[in-house]
Amino acid sequence: MASKYPRSLRCCLPLCAFILQVAFILLFWFFISYDTPQMQQKFTVTYQVIQDLTLMAALGFGFLSSSFRRHSWSSVAFNLFMLALGVQGSILLDHFQNQLFKEDVAINLLSIQKGTMSTVPVLISAVAVLGKANLVQLAVMVLMEASAFGVTKFVKKKYFHVEDHIITMYGHVFGAYFGLLVAWCLSRSLPRGPGEEAQTEKVQMATSSSLFAMLGTLLLWIFWPSFNSALVKEPNDKKKAVLNTYYALAVSTVTATSMSSLSHPQGKINMVHLHNAVLAGGVAVGTPCFLITSPWVAMVLGLTAGLISIGGAKCLPVCLNHILQIQNPGGIHYTFGLPGLLGALTYILMHGKNKNSIFNLTNQMINDFGALSFVLAMGMASGLLTGWLLTAKVWRAPHTSKYFDDQAFWEFPHLAAGF
Amino acid sequence: MASKYPRSLRCCLPLCAFILQVAFILLFWFFISYDTPQMQQKFTVTYQVIQDLTLMAALGFGFLSSSFRRHSWSSVAFNLFMLALGVQGSILLDHFQNQLFKEDVAINLLSIQKGTMSTVPVLISAVAVLGKANLVQLAVMVLMEASAFGVTKFVKKKYFHVEDHIITMYGHVFGAYFGLLVAWCLSRSLPRGPGEEAQTEKVQMATSSSLFAMLGTLLLWIFWPSFNSALVKEPNDKKKAVLNTYYALAVSTVTATSMSSLSHPQGKINMVHLHNAVLAGGVAVGTPCFLITSPWVAMVLGLTAGLISIGGAKCLPVCLNHILQIQNPGGIHYTFGLPGLLGALTYILMHGKNKNSIFNLTNQMINDFGALSFVLAMGMASGLLTGWLLTAKVWRAPHTSKYFDDQAFWEFPHLAAGF
Amino acid sequence: MASKYPRSLRCCLPLCAFILQVAFILLFWFFISYDTPQMQQKFTVTYQVIQDLTLMAALGFGFLSSSFRRHSWSSVAFNLFMLALGVQGSILLDHFQNQLFKEDVAINLLSIQKGTMSTVPVLISAVAVLGKANLVQLAVMVLMEASAFGVTKFVKKKYFHVEDHIITMYGHVFGAYFGLLVAWCLSRSLPRGPGEEAQTEKVQMATSSSLFAMLGTLLLWIFWPSFNSALVKEPNDKKKAVLNTYYALAVSTVTATSMSSLSHPQGKINMVHLHNAVLAGGVAVGTPCFLITSPWVAMVLGLTAGLISIGGAKCLPVCLNHILQIQNPGGIHYTFGLPGLLGALTYILMHGKNKNSIFNLTNQMINDFGALSFVLAMGMASGLLTGWLLTAKVWRAPHTSKYFDDQAFWEFPHLAAGF
């Protein structure tokens, strides 16, 4: 019986988090300083983008995964913790990378913007792991994934000559497969037991936490054009990025709702499908959004992403759960993984279109495919490594029976009163 | 008993929505293209307004009507579906109208802004119909109302020479009376039955979904100045529009709270009154907001709107429910209908003030009254037509006993597990 | 038994609120007019700041205190009422003060910004009082506190030559101690009774209202940089204010989470700690944010604020509840009071750093300490006065057994149906 009680994190969590935080402060002390003044106008625009991104990261991703009946507190609060840690880590990594490239090494508002966008893959991966890992494991995952994504970005910039915007958009794919592999490792490491039945009850959605998840989805839906256009530099491309993202999201909303109804014997809509599939259009259009010159292309992409996402949600759980033994209630594979791949392939096709000779075209496509494969390989390899690391006993992982249970991590006042 | 089960939408909804979506994509393909580059600065300002409006439309109106105990999922998700469909339809309609006027026919960020503002009347109407119609009926309503409002805008622009801002603000009145007439048709078409008692339980508010409705109200409250000032062109008028809207909203909040307390025998405040009446000030000040040159005028308007709104909420249900047999739990009549009329009348009075001769004044007022009457007539006529259309059996309307019930439309995981 | 029923506010509340509102409208009529046109660009920037601040005040502070099981409606709605009243009052006060200083007396967008920032101390105080006072008492408190803070600002500007930014940031300390003293007076004035046990059940958090409180916290977290930088004038200082606030918030989030786990015997995290302590970093960095030139200083400040806040939450309730008999479930003392004092002391130390002679330094520090002591003294004195005033029978304060109970103030439809 005793082993069923949550293993105490009292020494482990504060020690790890505190040492990490002090280390970050020391690194900031030695290496980071603010840059010289910049213009007022630029400040306002950049600050607005940062606010949109922080809103998406803290509220959107936080509430997106809050639909489980007994795990909503952890989803929201752990997401904020990972964001706060991830942004600091990403800013430090970016800084050291820039020093290697001999680029501008001062810290400004753009650093926070880039740091937030680099943390988004971490938050995506976390959706697959939340409920099965404690906060120490998540902090380790944040560090591992931020480093792996930093290395990926560095290699792609140096050897594949890929722009910042493309690298960041490949982050969806990176985050999705990283998270899936970590979840696979965690689920393999534990013996199956009688806790499974109890778990089924816990992963059920409650009506009001589903509304919170809808709030997260809607916030992501509203601010997704900001995310897709944040790193596009040329003003006209930025405008196209916003418009294309908007149309793709609108079409994928209509498609997702109708397809979800088609996939149920009585024509009922599944809320979880909707939470994920309405965003698929925005993910799919992410990489090529600044290249698309007509709204209908973005709309077709949104339609395809919606179909893939709902199709994946109906068919993939069967394959993944039973063959690979990955449990994936958050559905990041068909929200971020598959639509992200669709977007990457569309980008590779569109990117080659303007090349004049067949040699250049082939060259370009090989380079682009190489970059995409590298992201996938890095995501899977680092995910596997991280997953293997997280199965170590030292992290005091929660017992299977405590999966998706807020009571393992949170002090409930009305329980304390009952003691 | 069998008839009590929800009629399956499995074939109907996906077919309608999918065909509609593909038709929209084809129309976009043939007719719509992006415009030429525009300046960076203009982009930032327009994009911010679009975000505010999308936030109001998707989150504000979505959660505003989510206070029913068992209908909150449908309210939020169907609202997003209608928004995604309505914006696409409005952009297409706008485009064809502009071609008739030989105006600029390219699509840019402003098209999305105008499309969102044209969809707001649809979302207002939907508040009266939500819970009594399925998603196919709502999609038909979106198409009918968007077309009717498009025709109204066209006629008013061509024959009454009314500006864009005024037409859009009349949309509150249009949407409110359209929705009321549709709800009247729907309630007339069905026999009264034993389902009514069950319904009473369903329209009760739950504490936490009331908080979601409050969230929607607050988001509308905060961003209403953006809505009222979005189509005002001259910078100084825009500033006045924002300030007047802010003061009117502040006063209507104080008024609504105190009047709601006065109207209850024990001085208790009604949450539903509050959800609606705090917005009445913003609606009332909408049409004349750019003409008002002193804050106190806007404040008096806010005070009057708050009084009308609470007064209407106490007295009108009795008349409407028993005489006209309209059930109107969302209260759009006294949130958008009456305050919108108050605003329109104030505008007509203020608009004539600057005319130098009595002939011009009379002429102006006749024209303005004509425009307002035309909006009212169009809203009621098209509402009646739409309502009559929606009572057709082909739409598989939900049974009365399934009114305001999420289970008619949604797959609940914990029910599926119980089978 | 009869005395246990809520005392009716039917005559009292509408009368007070309505007279107050009409008085405000008359004062606006006689004294306030809009200023002359200003530039478009300036408008956009100011309007964005106003939206951020209104979002923080209406949604952030509204939901921050909504975590009690049976008091969430009152928290949110009363907060909006106080905001609407407080902004109007602060604009009027500011206007009369400016007339005394012979400054620009016209009303523009900046007036609303300043008014909202002056109302924030009122909303902070209200967190300590909410649940123990009715709406009439809160309205009186708004008037008293707005006036007292107005006088404090006037004296500090005239005699201590303190800038607007500093005065506004001292508002956290002012609001916290004002609220604590009012709560102390209210708790002293009432006899202890059997209602206390029932109250314990009521102050328990519900899972979903805790998520609403988390929503409020997250919104405050996201927009706090806007608050801290709103009144900083020089663009480069503004940028530093935003960056420093962001880093301090990120560090205080990590610190708060890990310290909250350390302070529990089984390493569990307390949600209430988290709601408050993640903001402590932003409060602490508020006053000196524009002076700090390296991110690590802000991060150390965030770390210290997180430690103080969690330490205070664990130790202070024991002292405050048992010795001073102040019940403070909202925790404003360790969220706004102590971190605010930390920030003020840091500012005083940093402000003196650049003085060249020891005489100037001493002079400066005496002046700064005087200003801080004056704020503290004014906050406590006016809080004591207001608290004493609010214990008068004329306000029909709710009975102790009705503390933290929405049913004392709100009409619940499902109860009405049961009659």
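Each Cβ is built from the backbone N, Cα and C atoms, and glycine gets one as well.
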Annotated stretch (transmembrane segment, per TrEMBL) among the listed ranges A:134-153, A:274-293:
A:274-293
How about the transmembrane segment (A:370-392) with the transmembrane segment (A:167-186) - do they touch, taking at least 3 C-beta pairs under 8 Å (6 or more apart in sequence) as contact?
yes
May I ask you to check whether the transmembrane segment (A:44-64) and the transmembrane segment (A:167-186) make contact, with contact taken as at least three Cβ pairs under 8 Å and only pairs 6 or more apart in sequence counted?
no
Looking at the domain 'Ammonium transporter AmtB-like' (A:18-391) alone, can you tell me the average pLDDT?
85
Within the same chain, where does the transmembrane segment (A:274-293) have neighbours whose Cβ lies under 8 angstroms from its own Cβ atoms, ignoring anything closer than 6 residues to its ends? I mean 6 or more beyond.
64, 67, 165-166, 169-170, 172, 213-214, 216-217, 220-221, 224-225, 227-229, 232, 234, 237-238, 240-241, 244-245, 248-253, 255-257, 259-260, 301-302, 304-306, 308-310, 313, 331, 334-336, 338-340, 342-344, 346-347, 350-351
